[in-house]
Every structure is written in C-alpha cells, then in structure tokens.
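What follows is a short report on a single structure.
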Amino acid sequence: MDTGDWRYAVGLVVNLAFVFCEFGAGLIADSTALLADAGHNLSDVLGLAMAGGAAWLARRGAHGAAGGRRTYGFGKATVLAALGNALLLIFACGAIAFEAVRRFAEPAPVGSGVIMTVAAIGFFINLGTALLFMKSQHDLNARGAYLHMMADAGVSLGVVAAGGLIMLTGWSLVDPIVSLVIVAVILWSTWGLLKDSVNLAMDGAPADVDVAKLEKALLGLAGVRAVHDLHVWGLSTTETALTAHLVHDREDGVALLMEAQALAKRHSIRHTTLQLESEALPDCPGC
C-alpha cells in the first residue's frame, strides 16, 4: 500500500465503525445533535473514500498513457474529489439545520449522558483522523479530508457541550441550538475549500501561484522582450502546469529555456511548455 493510501484506509475503517455506533446511540438517546453528528460522520466516510480513491487514480495515471485519451493522467480526479467533499459538507449542513429547526417546533427529552459519552469518543476519533492529514494541506485533496475531520471534531465537541448543558439545566432546546451553531462553523470552514476546488475544476491558477508576479519574473529574464499566451492551471491538487510564448533576442535559446523552467519550478510549477519566438521574426497570430 502506498504511504498516502494508509491514512485514507485507517480513517475510513475507524469512522465507518463509529458511524454505526453513533447512529444507534442517537436513536436510543433521541438526540438530534447526535443523529446529525452521525450523518455528518457518514458524509466524512464517503468523503474519505472519494479522496482516497482520487489520490490512487492520480498516482496510477500520473503521466498519462502514451496514445491514450487522458494524456494528463487522472490527476484531475483529486480536484473533483475536493469539490465533492465541499458539496457533501454543505449538504450535511442543510440536513442538520433542517432537523434542528424542526426540533424547535417539536422539542423532546434527550439522554444527556449517552450524548456526552458517545460524542466525546467521536471527538477523539475525528481529531486523530484529522491529524493524519495535517502535514499534507498543500494538497487540496488532503486538505479537504483534513477539513472534513476537523469539522467533525468540532461537531462532536459541540455535542458534548450540548449534553452537559442539558444535564445541568434540563433544557432540551440546547440540542438544536448547538446544532445550528455548528452548522455555521462548518459552512465558514468549507467556503475556502469550495472556492479553491471550483477554481481548479475550471482550470484556474492555483491560489499559491501569483500569475502577474510570474509574468513579471519571466519578463525579467535576460533577453526576454515580451510574454504572451501565458496560461497557468492545476493538473491536480498538487501539480501545476504552465504554457507560454517568450519573445526574445538571445542566440542561446536552450539556455533561456532552462532559465525559464528553473523560474517556473521556483513558483512550484513542474510541468512547463514554453515556445520561444525570435524578436526578429514578424508577428505570428495564433502560433
């Protein structure tokens, strides 16, 4: 198994087992917050499965097959998985909010002791799973998994707090109130992931690449007189590609190519396609 796969596998197995336990406990305790947490955990299990599968696909076809239809491989699968994770979180938030609002109209007593115990276990499981991905947040796909698990840890912690307040006050409306607060926190944390994944899905430049700064740096290379048709986009959540035309007046074109490629690597771009155009040649629209 690849070193990246085991994190997804561990998170998937542990969280799937906990989902079944938490769902059963939620039914026993009649807790909206606990059932909502179980549903949110289930979305994370699906998210981890998507993220792990996408990461495997990206490695399997990292360079594409010669003569194949997907010449860039399956790297884009990681972007689609990150987008799917964000949408799953938003869907889970909608389900939690709907059930919480319904409980305001139909309040019911809940088992606070069961809520606190199960949610506390869930907190440590989610936090431990999140820590597996903490060092890989440069990868948008792994970042999605990390945000999923940290959000779930926050949900579980909120449920523990709700159980404690219910135990102390006997006020069952604490259950849906805490659920709505948690929804707001999750939506706030998901917005950045959704925005970045949509940007990459539409072949936008990754957030960590300043295209204007990159163009200025290319123009700063010795002999480069103009840069046009500059395109930067994400091949995956970890790989970035660049294409550009460089108009120059140098005689050592090979050296210029090497300098430009080295410059691109300093901007975290590993896949570059550069076309050199002599300043002495007439303009060639569409070249």
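Cβ atoms here come from the backbone N, Cα and C positions, even for glycine.
These features come from TrEMBL:
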type: TRANSMEM; residues: 7-29; note: transmembrane segment
type: DOMAIN; residues: 10-198; note: domain 'Cation efflux protein transmembrane'
type: TRANSMEM; residues: 41-58; note: transmembrane segment
type: TRANSMEM; residues: 79-98; note: transmembrane segment
type: TRANSMEM; residues: 110-133; note: transmembrane segment
type: TRANSMEM; residues: 145-171; note: transmembrane segment
type: TRANSMEM; residues: 177-194; note: transmembrane segment
type: DOMAIN; residues: 206-278; note: domain 'Cation efflux protein cytoplasmic'
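The list of residues near the transmembrane segment (177-194) in space but at least 6 beyond its ends in sequence, with Cβ under 8 angstroms from a Cβ of it, reads 32-33, 36, 40, 82-83, 85-87, 89-90, 92-93, 96-97, 99-101, 103, 140, 143-144, 147, 150-151, 154-155, 158-159, 161-162, 165. For the transmembrane segment (79-98), the residues of the chain that approach it from at least six positions outside its boundaries are 36, 39-40, 43, 46-47, 50-51, 53-55, 140-141, 143-145, 147-148, 151, 179-180, 182-183, 186-187, 190, 193-194, 196-198, 200-201, 234, 236-237, judged by C-beta separation under 8 angstroms.
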